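Structure, as structure tokens:
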There are 2 protein chains.
Amino acid sequence: MKPINVGLVGIGTVGGGTYTVLKRNQEEIARRVGRNIVIRIIADRDIEKARRLVDDDTKVTADAFEVVSHPDIDIIVELIGGQTVAKELILQAIANGKHVITANKALLASHGSEIFAAAQQKGVIVAFEAAVAGGIPIIKALREGLAANRIEWIAGIINGTSNFILSEMREKGLAFETVLAHAQKLGYAEADPTYDIEGIDAAHKITIMAAIAFGIPVKFDKAYIEGITQLSNDDIRYAEELGYRIKLLGITKRVTKGIELRVHPTLIPVKRLIANVEGVMNAIVVKGNAVGPTLYYGAGAGAEPTASSVIADLIDVARLLTADPEHRVPHLAFLPDLLSDTPIVPMEEVETAYYLRLQVMDKPGALADITRILADSGISISAMVQKEHAEEEDKVNIIMLTHTTIEKNINTAIARIESLPVMAGRIVRIRMEELSK
Amino acid sequence: MKPINVGLVGIGTVGGGTYTVLKRNQEEIARRVGRNIVIRIIADRDIEKARRLVDDDTKVTADAFEVVSHPDIDIIVELIGGQTVAKELILQAIANGKHVITANKALLASHGSEIFAAAQQKGVIVAFEAAVAGGIPIIKALREGLAANRIEWIAGIINGTSNFILSEMREKGLAFETVLAHAQKLGYAEADPTYDIEGIDAAHKITIMAAIAFGIPVKFDKAYIEGITQLSNDDIRYAEELGYRIKLLGITKRVTKGIELRVHPTLIPVKRLIANVEGVMNAIVVKGNAVGPTLYYGAGAGAEPTASSVIADLIDVARLLTADPEHRVPHLAFLPDLLSDTPIVPMEEVETAYYLRLQVMDKPGALADITRILADSGISISAMVQKEHAEEEDKVNIIMLTHTTIEKNINTAIARIESLPVMAGRIVRIRMEELSK
């Protein structure tokens with residue numbers, strides 16, 4: 001089947017990530033869609049940089065309007081941002097009957113209703129998963145996954161820059177200005193950080209979510225917006241002492257008088273999961289009247305996380321252009337004739353770390369025998385503590401954490417150790433996962 | 001437009017929730033779909049109970065096969081569970097050209113491949129969002145939201161009963177058997193809790209997620225399964241002292257040798273968000289090669305949360321049967337001509353709680369003046385602490401947390417308090433949200 005041809009407007013951070021991920025995961029994506037998705041033409045003002053980033057068979061132009069009017073292109077991806085040229089380009093693409101994918105939250109929060117009306121009339125899709133919370137599929141969750149619910153409220157950490165600053169202020173006791181400068185050095189904050197630290201970016205995103213949650217037009221101009229520039233370490237510390245953490249939240253809520261739509265620093269109880277979202281990560285709590293609270297967490301910015309959402313939208317549209325509606329999303333996500341027969345690894349071959357608790361007679365030499373057996377099995381210890389035995393004082397509990405090893409090795413070692421005369425009971429073995437990479 | 005007619009097989013906990021939520025949120029759902037979704041006929045062995053639960057115009061029968069063969073029915077919802085009759089019913093419904101929605105994880109984990117093949121051939125959908133993690137839209141996230149990614153691993157707390165037991169054991173220092181009996185009394189554990197505490201239920205769910213994540217057939221018989229019945233309080237406590245929490249995780253991971261598929265108690269670092277998921281709640285971490293780690297949290301069981309997923313599937317299918325594919329999901333989730341003009345509430349009218357920090361000269365009577373002004377404005381205090389001023393010892397910081405009030409009231413009170421001669425600076429005001437209901 002011939003590929004889906006995509007035109008990309010703007011190859012900055014997210015555009016570059018989209019190009020890279022689409023290429024790297026090409027095979028995986030084709031197994032899900034049933035055909036390839038290929039970026040054929042790219043427009044960027046910096047035509048030299050664009051040429052360096054892409055393959056020779058990808059056309060590069062400085063003229064974005066050439067892309068949106070290209071007869072071979074099925075889908076336009078708009079990633080230049082801003083509200084003037086981007087709007088013109090999107091409306092032109094729609095008029096040309098192209099589907100459009102955009103990450104442009106500012107544009108949609110202010111002009112979304114006009115753009116969606118044009119798309120609706122023309123029968124094309126304007127998809128925008130990447131406009132809110134980067135790689136988190138929150139638009140899909142709100143529009144589809146939670147569609148059974150009457151949504152009651154949404155509260156989200158939806159600006160990674162400001163969350164990073166608040167995390168650093170709290171953890172290191174540093175002042176706002178110091179942390180901002182540090183964030184700029186790390187690339188987490190832009191040279192002009194106004195949109196992030198003044199809450200404007202978060203307001204764009206909560207405006208879009210409010211529209212989807214409550215079935216109202218986008219109303220950015222009605223949002224209340226307050227940033228984090230006035231926050232002091234004293235208040236962060238006092239809040240903590242009272243059991244609260246300060247986060248910049250976007251909040252939208254259905255109340256008797258109407259819809260609340262606001263962005264401001266907010267004290268939330270430390271015991272809430274969302275209070276523990278630190279650094280540049282984003283998280284959104286959605287309260288539905290049937291499901292109760294649900295939370296969605298992930299990277300809210302960055303080249304590849306945002307590309308993940310751009311490409312999810314590409315796949316959505318590509319699936320629509322490829323299969324009958326009933327077969328649009330395969331039952332098991334991949335086309336049935338493209339399932340793989342990758343084997344399930346037997347447990348004996350699984351590699352993981354272990355927590356071991358050994359009940360040992362409190363005698364000299366016991367530990368030496370045990371550690372020698374572990375060493376023989378190629379198992380190394382990352383931590384060890386000895387604990388009194390609760391009931392019998394001639395016994396001790398030895399707790400060991402191991403580095404990763406094969407289950408077979410630990411089984412062998414456990415069998416050998418349990419046969420030592422110094423052992424006072426069976427070994428407790430619990431697997432450990434860092435879940436970090 | 002005429003309604004979508006649904007046949008429901010089994011009106012137990014989830015079936016009852018589905019009936020209730022569909023009726024309660026009827027209007028909201030119709031605004032999203034463009035037509036009503038109505039349960040026309042219900043089969044249940046307990047026909048008297050079924051009659052009591054539903055309206056007079058819903059037909060009730062004891063014969064499930066009457067439902068799946070009913071000529072007026074577009075979609076069948078199977079909620080009886082089990083693997084024999086349920087399988088026969090689903091295959092018959094497919095053969096009759098009906099779309100099927102099921103929460104039957106056990107059936108899909110073992111016979112999913114056969115069922116999906118039949119559905120694929122017949123051009124009908126078998127949807128199963130409710131089969132994994134109750135109300136969390138994780139199937140949609142994996143099949144669509146994260147489709148750009150090569151999935152690296154999934155780790156999930158996907159059995160609420162066992163998570164509740166582990167939470168209680170840790171928080172209260174109680175033994176497994178004691179907590180299990182308590183959970184049974186609360187209705188969080190069944191009379192025969194084997195499936196939950198032995199990890200079988202979690203294994204069904206991780207098997208389904210593995211298939212969707214990696215594009216492999218369902219292979220429940222290859223899963224390694226170990227439950228929580230052997231866990232002792234000692235190990236939970238020792239793990240905690242080392243910075244780890246023990247959770248029953250379903251884990252599936254892509255490694256060089258193949259796919260790991262396993263359920264067992266696992267030590268995970270306390271600082272991970274998922275380690276802080278307590279009680280009957282579920283959470284799933286998915287690691288994609290572009291997006292990095294994302295997490296999905298919510299109620300993993302219960303009548304209405306599970307109904308939320310069943311109905312999301314109903315809406316998915318209903319949207320397909322209603323609109324052109326390009327208009328399947330409206331841009332703003334609701335049909336454009338059914339958007340509402342609900343007003344945005346002005347900030348002055350928003351009701352919330354407040355953190356106030358007042359810098360006050362350390363003089364007698366200061367607090368009396370302040371609290372009188374707050375009382376006059378109808379603002380009541382929920383907590384108050386006095387702190388030394390960092391630099392000047394003739395000043396103090398008074399921190400107050402208020403109960404909820406209208407923003408206008410707090411503005412008025414702040415203006416009045418700031419004009420008191422005893423004040424030594426502007427009042428810091430930060431809003432508070434409990435995010436609890």
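Backbone N, Cα and C atoms are what each Cβ position is placed from, and that goes for glycine too.
Annotated features in TrEMBL:
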type     : residues                                              : note
ACT_SITE : A:K205                                                : active site, proton donor
BINDING  : A:V9, A:G10, A:I11, A:G12, A:T13, A:V14, A:G15, A:G16 : NADP(+) binding site
BINDING  : A:K105                                                : NADPH binding site
BINDING  : A:E190                                                : L-homoserine binding site
DOMAIN   : A:355-432                                             : domain 'ACT'
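Structural mapping of features recorded in TrEMBL.
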residue : record                    : contacts (Cβ under 8 Å, 6+ apart)
A:V9    : NADP(+) binding site      : A:I42, A:A43, A:D44, A:A64, A:V67, A:V68, A:I76, A:V77, A:E78, A:L79, A:I80, A:L89
A:G10   : NADP(+) binding site      : A:A43, A:D44, A:A64, A:E78, A:L79, A:I80, A:G81
A:I11   : NADP(+) binding site      : A:Y19, A:I42, A:D44, A:K49, A:A50, A:L53, A:V54, A:L79
A:G12   : NADP(+) binding site      : A:D44, A:L79, A:I80
A:V14   : NADP(+) binding site      : A:L79, A:A103, A:A130, A:A303, A:T306, A:A307, A:V310
A:G15   : NADP(+) binding site      : A:L8, A:I42, A:D44, A:V77, A:L79
A:G16   : NADP(+) binding site      : A:L53, A:A303
A:K105  : NADPH binding site        : A:F128, A:A131, A:V132, A:D201, A:H204, A:K205, A:I208
A:E190  : L-homoserine binding site : A:T161, A:Q184, A:D196
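Under the DSSP three-state reduction, A:T13 (NADP(+) binding site) is assigned to helix.
Within the same chain, residues at least six positions away from A:T13 (NADP(+) binding site) with a Cβ under 8 Å of its Cβ are A:G302, A:A303, A:T306.
One way to see the shell of the NADP(+) site is to take the Cβ centroid of A:V9, A:G10, A:I11, A:G12, A:T13, A:V14, A:G15, A:G16; the remaining same-chain residues with a Cβ within 8 Å of it are A:L8, A:G17, A:T18, A:D44, A:L79, A:I80. Broken down by DSSP into helix, strand and coil, the domain 'ACT' (A:355-432) contains 23 helix, 31 strand, 24 coil.
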